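Asks: Once you've had a glance at the structure underneath, I'll fire off some questions.
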Amino acid sequence: MKFDDVIVNHIGEFGLYQKTQLILLCLPSLITSINALSWTFAGADVLHRCRLDTETFDSHNYWNAPEGFFNSSCKNIKSHPEWKSCPFDECNFQNGTMCAETGNGFVFDRSIVSYSAVERWEFVCDWSVLKAVIQSAYYIGQMAGSLIFGFLGDRIGRRSVFFIAIVLQIIGTAGLAVSPHWLLYGLFRICVGFAHPGIFVIAVIISMEMVGPSKRKMAAAFTGIFFALGQVLLGGLAYFVRDYQLLHAYVTIPAIFFFPIGGMIVPESARWLISQERYEEADKVLRTAARINGRQLPERWWQDIDDYSKESKPARKHNYLDLVRTPRIRTISLATFFCWPVVSMVYYGMSMKTDFLGVTCIQHSYLVD
């Protein structure tokens, strides 16, 4: 007897237990989704200009300047009696003008975003590249998390990885709200990116392992729906909360609320426990599932599974080369290797590039989502 037979015959493919656990598993993915695209709003592009000599540093009236200052760059032409703005390569030194860097900082337009990380650390002009660095930090963490959590998920268990990732997500999300320096902010972006696969991917795995064979695609799609829902919620939250620090702080609250899900409520995957021959622990999980679903689990059911696994034990261990060993599998693998990066690049490119539709970042989030 295989484990799938236990699910189908004695637990139920998709009973009340699986439905409840599926929703609980998906809830932390809301925060993961929000963190993935929060930089779209925290680092939103806003209009800025050089600060006038007559303006104080607590002045934030973007429109209180001569017309030539709007959309200004880092360099200015000084020509008595007024300052005019131009890019450095357009500066000329005729008629007594001179080119100089502005030393007064910048004034940002707060009509759409009241306070962004771009304004706080002045990620404009020569420093504008740091916007891309901050966003890339998330994907550095995500790549590392995929490698490490994928390995740990098979070694220490799905639930343990899920719990660790939720803790890292809480720490990272809270850190984004209080970071005093952009470098520390980038480190916390790595932290939340690192937690991403430990939450979302592990949630998909546990969901597929606890339902019957005919419900696995539905379970995986359901977790994806929650990920998309998180992005919709982010757009709504960003509409009402336009200070990037408050935005991160409000996201931290539900992240803390979801902490018990990974630590106490969601059990270990019974399928993983069986693969580790921890049958008594798996029995406890499955008996709870059977009771909630109104089904009966036979005594010492794992003996049949153990006998079957010994009889059908493969002659050799498989490795990554098996993905390209036969023509059919090779075709599927190469198609996946190509399609998945393309889909990801298009998806994240459209989600994060907020100006190509000619609307604000908040309007853009709803159009794309």
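Backbone N, Cα and C atoms are what each Cβ position is placed from, and that goes for glycine too.
TrEMBL annotations: computationally assigned, not manually curated.
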Asks: Quick check on the annotations: TrEMBL lists transmembrane segment for one of 136-153, 352-369. Which range is it?
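Replies: The range carrying the transmembrane segment annotation in TrEMBL is 136-153.
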Asks: Return the stretch with the most CB pairs under 8 A relative to the transmembrane segment (136-153), choosing among 22-42, 218-241, 247-266.
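Replies: Answer, by Cβ pair count: 22-42.
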Asks: Quick check for me: are there 3+ Cβ pairs below 8 Å between the transmembrane segment (218-241) and the transmembrane segment (22-42), leaving out pairs under 6 residues apart?
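Replies: Checked: the transmembrane segment (218-241) vs the transmembrane segment (22-42), in contact.
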Asks: Over the domain 'Major facilitator superfamily (MFS) profile' (95-369), what is the model's mean pLDDT?
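Replies: For the domain 'Major facilitator superfamily (MFS) profile' (95-369), the model's average pLDDT rounds to 86.
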